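Engineer: Dumping the structure here so I can ask a few things about it.
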Amino acid sequence: MTEKKYIVALDQGTTSSRAVVMDHDANIISVSQREFEQIYPKPGWVEHDPMEIWATQSSTLVEVLAKADISADQIAAIGITNQRETTIVWEKETGKPIYNAIVWQCRRTAEICEHLKRDGLEDYIRSNTGLVIDPYFSGTKVKWILDHVEGSRERARRGELLFGTVDTWLIWKMTQGRVHVTDYTNASRTMLFNIHTLDWDDKMLEVLDIPREMLPEVRRSSEVYGQTNIGGKGGTRIPISGIAGDQQAALFGQLCVKEGMAKNTYGTGCFMLMNTGEKAVKSENGLLTTIACGPTGEVNYALEGAVFMAGASIQWLRDEMKLINDAYDSEYFATKVQNTNGVYVVPAFTGLGAPYWDPYARGAIFGLTRGVNANHIIRATLESIAYQTRDVLEAMQADSGIRLHALRVDGGAVANNFLMQFQSDILGTRVERPEVREVTALGAAYLAGLAVGFWQNLDELQEKAVIEREFRPGIETTERNYRYAGWKKAVKRAMAWEEHDE
């Protein structure tokens, strides 16, 4: 019997599919990645081809093993993490999608959402699903597909069609259609799932006219769902034993499994999640209530705040403003000046997300005087990422009544030392940057490994969560509050910029 030395994490993201091999010490042995096409049929619409998602993801799995020179029988288990909310409907018999995947960013269901608001469902949806009414979530996307593909609703009622988020689709394909399953974290992003009863919500299914027959079974984030053969029939059967949506996987990968622990992922946007333990905290401050993973993958709750523009505002400095050649240059130029010279940049290019939720806000630069140069603007843009994070954190502390002691960070922008130091300064809190930056894949691997006994419990992993660097606040409270007050003033003036009819 070959020794099972490794765990594979499949990380199916918005722009690429990745596979990561990890050993028992949580070291990354090899990584394989393939990008796939973004389809934009109309302005504001975003789709993916589900067959291409499957093709890229399955090929990275084969590639990553070949790269590491590892045979399939050395793999103890596979964990899956995925872009959340993205919606796929396919034929049970053939495994063929009846429409492209409708991606989380897609805004085509705005009108359905307006109807839900007009029907007075906001409070029901917030109380029972933990979400706000927005095209972001899967429910209205499923309705759209059933409304627009002829005969599909009847076929779904007859049990001929299946719905799934990306995790469900991948497992269906990996098990040759034997297993139709999702986990609590992904289900909590559909707007069809009751986060208190932990079951599909009959009222939401009725409102959106979605047949229950097409929905997957919902399971814990860490258990064996089925087996997959790597290398076709007769190949080694490997358990698939971990599933979590990408942000929840990152929370678990950062080992934020105790009440009050939080992480912030700095990507295109920012996603901050705080574990609230066994209490589902209803937000009064513009956050989402969502499901997270406890220490053994059981149901915990979390508060989540999404900021639309983080890394994207650095890309704007590079691509549109041409102030830098490379995102990495932003740190160099920002540190060429002592401060922003009174300038604030509000990067509300597509409106503002949490905690404001103002689609009519637009980007702005305030406080310009004759002495302001490009470096001040670069610095102010970086600072805006930290200010927006404080906005979300203040909302979290108000909702949860928990004071944060340290913020764990991950994502591309955490390599920027200036930003991380300023983040600590403006929060007045320690910022902890981990050694391993691949925390989303780590989370999926941990969930899978725990389910099959590859790791006994999280205590084994605690020492693996090495903090590479800790940033501590370096400014006085009065200075911090003065700067943050300036930011609040700037945001207020950027809000409701686009005229709209009441």
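For all residues, glycine too, the Cβ spot is worked out from N, Cα and C.
In case it's useful when we look at the structure, here is the feature table from Swiss-Prot:
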{"type": "BINDING", "residues": "Thr14, Arg84, Glu85, Tyr136, Asp246", "note": "sn-glycerol 3-phosphate binding site"}
{"type": "BINDING", "residues": "Thr14, Arg18, Thr268, Gly311, Gly412, Asn416", "note": "ADP binding site"}
{"type": "BINDING", "residues": "Thr14, Thr15, Ser16, Thr268, Gly311, Gln315, Gly412", "note": "ATP binding site"}
{"type": "BINDING", "residues": "Arg84, Glu85, Tyr136, Asp246, Gln247", "note": "glycerol binding site"}
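Please go over these features one by one and say how buried each is and what sits next to it.
Structural biologist: A 10 Å cutoff on Cβ-Cβ distances gives Tyr136 (sn-glycerol 3-phosphate binding site) a total of 22 other Cβ atoms nearby, all chains included.
Within its own chain, Thr268 (ADP binding site) has Met309, Ala310, Gly311, Ala312 as residues 6 or more apart in sequence whose C-beta sits under 8 angstroms from its own.
The secondary structure of Gln315 (ATP binding site), as reduced to three states from DSSP, is helical.
Classification of Arg84 (sn-glycerol 3-phosphate binding site) by DSSP places it in coil, neither helical nor stranded. Around Arg84 (sn-glycerol 3-phosphate binding site), taking its Cβ as the centre, 26 other Cβ atoms fall within 10 Å, counting all chains.
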Engineer: Distance between Asp246 (sn-glycerol 3-phosphate binding site) and Gln315 (ATP binding site) at the Cα atoms, whole Å?
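Structural biologist: Asp246 (sn-glycerol 3-phosphate binding site) to Gln315 (ATP binding site), Cα-Cα distance: 22 Å.
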Engineer: As a test of the contact definition, list every same-chain residue at least 6 positions from Thr15 (ATP binding site) whose Cβ is closer than 8 Å to its Cβ.
Structural biologist: Glu35, Phe36, Gln38
Engineer: Could you name the residues, excluding Arg84, Glu85, Tyr136, Asp246, Gln247, of the same chain that surround the glycerol site, i.e. Cβ within 8 Å of the Cβ centre of those residues, in sequence order?
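Structural biologist: Other same-chain residues with Cβ inside the cutoff are Gln83, Trp104, Arg189, Gly245.
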Engineer: Return the member of Arg18, Arg84, Gly412 nearest to Gln315 (ATP binding site) in space, with distance defined Cα to Cα and candidates limited to these binding-site residues.
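Structural biologist: Going through Arg18, Arg84, Gly412 one by one, the closest to Gln315 (ATP binding site) is Gly412.
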Engineer: Within 10 Å of the Cβ of Thr14 (sn-glycerol 3-phosphate binding site), how many other Cβ atoms can be counted across all chains shown?
Structural biologist: 19
